[in-house]
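Here's what TrEMBL has on this protein:
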- 39-695: domain 'Myosin motor' (DOMAIN)
- G132, E133, S134, G135, A136, G137, K138, T139: ATP binding site (BINDING)
- 572-594: region 'Actin-binding' (REGION)
- 828-855: coiled coil (COILED)
- 936-1130: domain 'MyTH4' (DOMAIN)
- 1413-1478: domain 'SH3' (DOMAIN)
- 1538-1683: domain 'MyTH4' (DOMAIN)
- 1689-1992: domain 'FERM' (DOMAIN)
- 1916-1945: domain 'PID' (DOMAIN)
Amino acid sequence: EVKVTDTGQLQLVDDEGKTHKINKKTEGTIRPMHPTSVKGVDDMIRLGDLNEAGLLRNLLVRHKEGIIYTYTGSILVAVNPYQLLPIYTTEQVHMYTDRRLGELPPHVFAIADSCFFNMRRNKKNQCCIISGESGAGKTESTKLVLQFLAAVSGQHSWIEQQILEANPILEAFGNAKTVRNDNSSRFGKYIDVNFTKGGAIEGARVEQYLLEKSRVCRQAPEERNYHIFYYMLMGMSADQKKILSLGNAAEYTYLTMGNCTSCEGRDDVKEYAHFRSALKILMFTENDSWEICKLLAAILHLGNVTFESTIVNNLEVCLLLQVAPKELGKSLTERSLMTTRESVTKPLTCEQAQDGRDAFVKAIYGRLFIWVVDKINAAIYKPSEDTDVVRQSIGLLDIFGFENFNKNSFEQLCINFANEQLQQFFVKHVFKLEQDEYTRENIVWKHIDYKDNQSTLDVLASKPMNMLALIDEESNFPKGTDTTMLQKMNQHHGKGGIYIPPKNNYETQFGVQHFAGVVYYDSTGFLEKNRDALSTDLIQMVQTSANKLLKQQASDGKKRVPTLIGQFRLSLDSLMKTLTVCQPYFIRCIKPNDFKKPMLFDRELCIRQLRYSGMMETIRIRKAGYPVRYTFQEFLDRYRVLLKTSLCDPKTESQEKCCESICETVLDGEGDWKTGKTKIFLKDSHDTMLEVERMKELNTKALLIQKVLRGYKYRRQYLRQKAGALVIQKYWRGHKGRKLYRLGFARLQAQVRSRQLHYQYKRKREAAMVLQTQIRGHLARKEWKRKRDAVILLQAYTRGGLARKALKKMKRDAYLLRSKKKIKNKNKMALMEKQKNLEEVLRQKKEKETTAQTESITDQEMVERMFEFLPRIVGGQEGQAPVGYEKFEGMITEEIDIDDFPIEENLPKEDYDDLDEYSFSKFASMYFQGAATPTHIRQRLRQPLLYHEDEGDVLASLTVWWIILRFMGDLPEPKKQVKAPGAPAQERFLPQDLISRKDRRLSHMTVQEDSDAMVDEGPTLERPLTSLEKLHIIVGYAIVRHDLRDEIYCQICKQLQENNNRNSYFRGWILLSLCLGIFPPSERFTRYLQSFIRFAPGDYASYCAERLRRTTMNGMRGEPPSWLELQATKTKKPMIVTVKLMDNRSVNLPVDSASTSREICQALSNKIKLKDTFGFSLYVALYEKVWALGSGREHVMDAISQCEQEVKRRGGQEQHAPWRLFFRKEIFTPWHDCKEDKFSTDLIYQQIIHGLKFGEYQSEKVGLYVYVYLTLLLLSEAKWVQMVSTAHAQGSYLSSSQKTDSVKAETVDYAREKWPMFFSRFFEVVKLSGPALPKNKFIVAINWTGITFLDEREKRLLELSFPEVTGVNTIREGKASGQAVNLLTLKGDFTLSGTAAGDMAELITMFLSGLMERSQYAVTLKEASQDDPALLSFKKGVLIIIIKDDEFPLQRGWIKGQNDSTKKTGAVPADDILILPTLSKPTNEVMNIIQANQKETGTMERLAPFTLKEFSLEYFRCYKVHKLIIRKMITGTKLWANSREPIRQPLLKKLVGNPELSVLVLNVCVPILKYMGDYPTKQMQSPLELTDQIFGPATKHEVLRDEIYCQIMKQMTINNNRFSIEQGWQLMWLCCGLFPPTQSLLKHTQRFLESRRREPLASDCLQRLQSSLRKLPPHQVEVDAIQQNSTQIFHKIHFPNDTEEIFEVATSTRIRDLIQNISKQLKLASADGFSIFVKTHDKVLSLNDTDYFFDSLRQITDWSKKAKRIKDGGPVNVPYLVFFMRKLWFNVVPGRDSEADLIFHFPQEVPKYLRGYHVCTKEEMVNIAALLFRIKVNNDKTQFVQIPKLLKELVPLDQLKAMSENEWKKTIVASFNKQAGMTVEEAMVAFLKAVFRWPTFGCAFFEVKQTSEQNFPDIVRIAISKQGLTIIHPKTKDVLANHPFNRIANWCSGSTYFHMTIGSLVKGSKFLCETSLGYKMDDLITSYVNMYLRERKAVQTRNQRASKTAV
């Protein structure tokens, strides 16, 4: 700083505050300081004073401010602060990660980050050369770079820690205390760190250079030997030292030569512990460690060996080296020489013996050091398995700097030679940077001269006969000496300027001109050090040693280069080759002083180091070019004042133009300056001139600014005063005026206002009176009208009542009058008739008496004789009950009276008055063929009575006539099977259609089997038949042949008319009555039959008429009459059947032959007062089978008849058929609500209980708590008590607040949700048309979820939800009168035929209409854009949410809706939307199908399937074939079409030229063909093996993904094999879920899929196409799912409370998505802190939130396969369980989230408490024990006796003996009683609240063994929580240490170790522990740290947003 004294003399004040006078001598040496040098700059390239002084001052200024790092371009200058600075924390690591160099202040982390960033970006190896003098901080800088690389790698892997822990071992063996440095590296090292493609460290390799072995034997004053000796002596246990005969350091010669055995600031004991930990981490065994100690001890003992006449103190050495004492003494004191004839032994002098011993020691230590380095490399260097993969690496070179001491020897020559090489590399690199800068900026530049040290390198090592070669050559001569060596060097290099020879022949010093100056070397000992050889005696002695390590080193020594220079040159050449191919970075370490003191800066020392480090060469190169550089923005900001806007306006011109204008104006004619692309380049003189002009212009502008500002100031002051005066004037004048006129004006205002108010009041009063008048009148008129209407109404009802009463009386009187007249007339006619018939009666009396004796049988007796009846029974109570329904026997029976039975329906009353006109004789005359009469005959007919077109009907009519005659007894039964004379052959056999009915089985019970028997002929009829067989034949023909029914009735009526045979007559009426209950006549014959029935004998007339009416009403039966119906013919009364209810009740119902299931269900519903009747059906049970009759038109007696036939088939009797009828719930409506009818809910509930007990409802989880609860209600056996009580207590359905009805309702809802297929209505159908399905005959299952097509094995062929069904209609099939249903769906239209097709259509229609009435969702049919805000705008295919608030009436064609995509609300035209039949929001899959369907229906015609033909023209390889082959080919070969031949080359031409990728592609082709079934294979491979081979390479190599897509689509194109197509779709589905194609293929793939939308998987493939980017091939679960054609994958997730749930997991589901899904389904308050865990046989692994779920499972599967050593391709079964648990315990407050407390927090915290991890008082333990006991037994006090047995489950393990069992029981019971009224859930929360108060709540505990801290016990307990990591004493539970996460700098885990560094990265303390759970600790710490980092970033983001908002 320049100061002017009072006398006007100039003085200088330096940086230390000293004052210097300026005189003429010093004035020339002083120049003005550039502004950049005043306060210093971050980058010294920007210094204006670019010279040594400028650099030195910049470092000085920054050193004073505590800033130790400075850039020189990309070179970092690091000044050792000699103190610990707070700039190496993890926060600093995060700060400098992913930042550009120069973006933040200089830091060693910035250099490390640049290395890492450039390595990953440029895919080029990097290196960082760290150099400097001893004590400059090279080793610490190297460690910091390693620490940063390990941190940014982010893996916390064990290999990272191994690399870091290599440093303590290398420092122990290679570092020592020197005068300059307490931890001086006495060797050079190069650490090559290898990285994966993802940037993770995967290994490293260490190379060592020039270990200073002489330090082992000699040390300078105040210096120590290598650290390892002091570590060992201070840290080794007394027992181990005793074994090695060791004492303290003062006892050993080798450790006391420097008179320094301790080092201030180093704790040798602690360092030894770290050294031992590092050995363990680096895989050194205990034996290795012991062998190292033995050799080190041997070295110390050898140093104490003295040589006199004999060797003294050599016993310990012999024991440690394991050699014979004599051999050792001989090899140390004698030297063997080989002559031409014999070996001569020569004794050594004491000095020679000591030199030999020292050489031996140096050799042992040097080779031990090399062995240690090799062991480290073996642990941290993993050779690449793939030799073709080139690893990325960053190399760190920590090497000694240039050395120039008072006495320099051989070592200094080697070190300085290495520095010459590095300087050459450095200078070329800096020059290259300068050249690149000019090239990048397009600067035309001339050649820049810089100092090149190549001539020095030539003299030292490059030229022939160079100095190093001469030293090597002389070392190889046995007689060579240092003197002869020096003479040769003088001879060859004495005349050059580089080598400086000695001044005379007696001097031993020579000099070398190095880049940093001249260095003089003493040649004494050069050759001996270079030879580095042992005597043959010592080598032979070592070979006899039993010490393996020593012997191994001797053998390794034979392979080495013979001289030290040779070894060093090989290593150095290899290093330089490595550095040459890397992008280098340089760190120049500077030592500020020799005293190791902070804040002390020695300028002389520092300037010398700057020269030695090559920094001045950088300056020279920069100064030779353009040393001053500014970016255009920087230049313009600084020199904007020099710009003349008249020449260049910065508002319109670019920054470059403005800069050029300034330079042209100021530097006109001042030499060379350049402008580049982004910068302007100047010389030093230009910069000075610009600064001078800038100061001048600033002074001028400052004066101008002062002038303007002063004028502005005074003008502003004047204007302010003027404005103030005006304000004062205004207010004063106003005040004066108001004072003068205030009085009169106020009076005027008051008068005017009073008049205005009076007028307003008057108007309001008048208006109010008018309003009152009108309202009173209106109310009076309204009241009068109401009373008048009431009077009129009363009069009307009264008059009506009187009139009806009178009319009724008149009708009754008229009826009585007519009745009296009819009675009189009837009496008269009766008397006349009696008189007329008296004689006839008397005449026939005698004849009747004779016939009565033979035919005195009643009709009842006749029926009994015909069908051989047993006593009357009630239907449904015979035989053994079916399997599983035994408990319903003997139930309470209720009766339904016949009057209450709703058989009659509101049918129009039939008119029987005109039946006289429909006589049977009249019908016969009109329709009978030929001469057939309507009267009884006994002979066979020649032709049917009625005309039939079908020949089969004609023959059947004749057969029926024959059977009717036999039934009525008009023809005798044949005695044997002979042909009836005159009868056609066809009549003798039972037709095939009746055989199939007779022998058929129930389709509900067993699968119908086709029988080939009796194809040509049926069973003969010419044999005696029972009456029942005849009846079945007659009825069977009527059922099978509809046109035969009138024929049968006519034949029966014909045989009844004028039949005088009483037996035949009554048999005929019995037959007619039975037929009337089975089938009705046609409309043509109905009236005639009704007329004929009137003349039936006895009560048969009314009986038959009623049966005819019922059969006509309910339709034809499908089975012949049952045994129960035959009983009804005897009594002619309804049959009684028993129906069982599921609530242990039974009901007896009257039924007839025409009764339907609908009538019975209605009667039962009325009886039990059932409101919700839908879905309740009648079920039939027989043996082990149960099937539904439904609640429709099914005839009950048909089912009973089927049961009887089945019993007969099994060999039983029909009358004893053990069938049962049940009333059960068959199907639910989609809108079912259990609250509507509790009786209905109770019946369904009882049905579910029964189904669960007998296995009817089967599932992996049958509602565990529900089932246990129900079991508790049903069972009372003692053996169930304990188990049911426990389950009862745990049931979530049994909270005290819930009632029984609500529990039943929840049970029913659970069953409805869980088993929709069990509550379905089934219809057997045949597909007539529609999309292709595996089978055309299948079962349609309809339930509340939708429609499902099933095959006979219940395999799902197709699933349709109701939104996918667009319509259903019924069509007739033709003559067979069967029905068909046309089912319209989004997946195609199906035409289905079946017997119950009408019922199926009716059910579907009812569901669709009901859903649409209740639906709140619709889809738009077209696009609408509305300008009116009240109208809603939407696009086609958009989901609309309907809002039913009656704002827009539907009757007017409008609906209020909300657009689901835009969330806007408005009116929607009803015609523009389609209401979806659903109660829940449609899934994306359904919406995609709807939108795709809209697109397809919008096109005129269907597009042909898209192919890859267009894509192949541009991207496929050319297909080359021979010309002859082309001529023979009909069509050209299509590479994009299906082929069964494996391809020989990749399809994509970009892969053809790559042989490695081509092999992978060809290996994929065959597995694709095998999977699709297009390639024959001898050995079957599992689908998973094939998918691994197909997709495995593509997940590793991105370039192969398009090839996989192309090959799959190729095989699916023009492929006629349906199986192959289906398998191809499976591969496409898997592929779309793994990775997307590139953009070039994406649109083609989309078109390929869109053109095949009707394929089941096409839409799903489109949706998955760009959904995920997986890292691994598909998991077994995914392959299994798609193999079963299921696109939904469900996985079981377990919870800590021993429950589990099933969750859907897609292939694109990430772990975080699954966590959110589970949390949402469990209704947790937040998903934060929860994680997914996978439990294998030996580990519990936490999954990473960002990974895909199936990738994580696959990784675990592969890991398990490798662990079990299972070969790839073999069967693998890796059992695992997936858990969902809380991982991070933050923001956890018990009671805030009850679900999380009960499911997770309680079951996870209880085990920790019981293991005794917490510190708690006795009172707290008693209270918690009572809570835990309540949780186990609820309020059951009878369990108090179990407390002693349950103590281990109530009290911490370590506190069980704190009290006796009785005392524990007493105190627990007392506390339990205090908690009376508490529920189990409340007890769980209370437990958590008690534990929450402890600091260890939520901790994860680990028991580990530690060796790092001597003050800690060997076994400690580590607790990890949100506060950090706590080390606890396991016995006393005292906290030994507490480490917050921000204090943990690094951590990692190995297979059996866990390691962490506490504090900063430089001087942090290390903690190593042995545990197999280290991976868990690692994961927990990482998760907590990441959580805090996310929170911190979120807070920073919010603060930034807040600050921007404030601005």
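Quick reminder: no glycine exception, Cβ is built from N, Cα and C everywhere.
Automated prediction, rather than curation, is the source of TrEMBL annotations.
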### Message
Give the nonlocal contacts of the domain 'PID' (1916-1945) in its own chain as ranges (CB under 8 Å, at least six residues past its ends).
### Response
89-91, 147, 1784-1786, 1813, 1815, 1895-1904, 1906, 1909, 1956-1961, 1964, 1969, 1977, 1980-1981, 1984-1985, 1988
### Query
Can you list, in sequence order, the residues of the same chain other than G132, E133, S134, G135, A136, G137, K138, T139 whose CB lies within 8 Å of the CB centroid of the ATP site?
N80, N181, S184, S185, G401, C589, K591
### Summary
In all the protein chains shown, the tally of other Cβ atoms within 10 Å of the Cβ of K138 (ATP binding site) is 28
### Task
Please average pLDDT over the coiled coil (828-855) for the predicted structure.
62
### Query
Near G135 (ATP binding site), how many other Cβ atoms are within 10 Å of its Cβ?
22
### Task
Taking the Cβ of G132 (ATP binding site) as the centre, count every other Cβ atom within 10 Å, in any protein chain shown.
26
#### Entry: binding-site residues listed as E133, S134, A136, T139, least Cβ neighbours within 10 Å
S134
### Message
Within the domain 'SH3' (1413-1478), count helix residues (DSSP H, G, I), strand residues (E, B) and coil residues, in that order.
### Response
8 helix, 25 strand, 33 coil
### Summary
Neighbouring CB atoms within 10 angstroms of the CB of G137 (ATP binding site), all protein chains considered, total 24
